[in-house]
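Engineer: The structure that follows is given in the form of structure tokens.
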Ligand SMILES: Nc1nc2c(ncn2[C@@H]2O[C@H](COP(=O)(O)OP(=O)(O)OP(=O)(O)O)[C@@H](O)[C@H]2O)c(=O)[nH]1
Ligand SMILES: [Zn+2]
């Protein structure tokens, strides 16, 4: 595939920059199958459709494949919401202007998904082809290693690299000298080797420079974190300007109105791209996560328990409990492991149900699916 610098500017993964990324040969094959098409990236997703871009210039609307369109096709066994494009996806586009249409979705190398709340189990694909997820956590009452652990599970399962960004380091340090070091120490006990933890003052551009390693040109990042953690503040510092909540008219480049009510891909001055999306406060497991992989230390201990099915409760010969009693393993971390494991197992069961239900629907036609609302767009 012929890759222009314009595409690299919006995150096109060049093999030279990221030889580890899988699937590029598949991309080439798809491109050959659609010789009249050109690659583009989904930069905005609205209820009414997609906006795609081929450079830093403003995106344009492109019609999507009929099977990606809303409820009606899904009910007939069409493409599930999580298999349709999301912001960050690379697609192939044919035609110009009003006739522009997406003809293929290129395989993703990462996907940030969550289970959406509601009557029916749904998966929501929040962002695709993300390199790094900044897990934003304030060094105030927001600081909670258990919640960070939870985010790490979801981010890693999606194939992106998590970086823990501890905001409000300035406030914490002003309140108590050594508070930042103590928090980093706390996270050290998560047994997560190689995990980057970066304390910053999100309001200070100089301090935010500490994230530069993950913001090289061509890289794509997203922010997750609870309300008030500092995501908007950090976004503004990364942008060097305010990306306001509603109806901002960009003065300098007059690219028109901009809101954060939809998902959007925003170029940063560093050359990286930020996917700015609502709905990144709470991530619920989808059922596809591998919990043991993220708690490999506990898993390794569990192998040494006397009973294979040890629940690490009152069983004799429990290696996990022995480690807790010896003070080498944090009891809260074990509790969180069990909680997440149960939650993922619950979601996995619902996911399996839904998949078999969908198969049945494909056979029986749309009738029994009447109640399903395919509204994958609710935010938190
Ligand atoms: N001193 C200081 N204040 C910060 C820092 N980060 C965020 N704040 C403040 O914390 C408050 C909440 O920050 P926001 O950026 O709005 O938090 P958010 O994560 O975007 O919150 P939601 O939009 O509710 O998801 C604001 O008043 C910020 O000015 C920091 O590093 N240092
Ligand atoms: Zn045990």
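Placement of Cβ uses the backbone N, Cα and C atoms for every residue, glycine included.
TrEMBL labels come from automatic prediction, so no person has curated them.
A quick note: this is a predicted structure, and the numbers were derived from the prediction, not measured.
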Engineer: Need the matching range: TrEMBL marks region 'Disordered' on one of 317-348, 349-380, and I'd like to know which.
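Structural biologist: Checked against TrEMBL: region 'Disordered' maps to 349-380.
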Engineer: Which residues, in sequence order, are found in the same chain with Cβ within 8 Å of the centroid defined by the Cβ atoms of 305, 310, 312, 318 at the Zn(2+) site, excluding those residues themselves?
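Structural biologist: The surrounding set, listed in chain order, is 302, 306, 307, 311, 313, 315, 317, 319, 320, 321.
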Engineer: Just checking, which of 167, 227, 233 (binding-site residues) has the fewest C-beta atoms within 10 Å of its C-beta?
Structural biologist: 227
Engineer: What are the non-local neighbours of residue 318 (Zn(2+) binding site), defined as same-chain residues 6+ apart in sequence with CB under 8 A from its CB?
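Structural biologist: Looking at Cβ-Cβ distances below 8 Å from residue 318 (Zn(2+) binding site), excluding near sequence neighbours, one finds 305, 306, 310, 312.
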Engineer: What does DSSP assign residue 169 (GTP binding site), in three states?
Structural biologist: helix
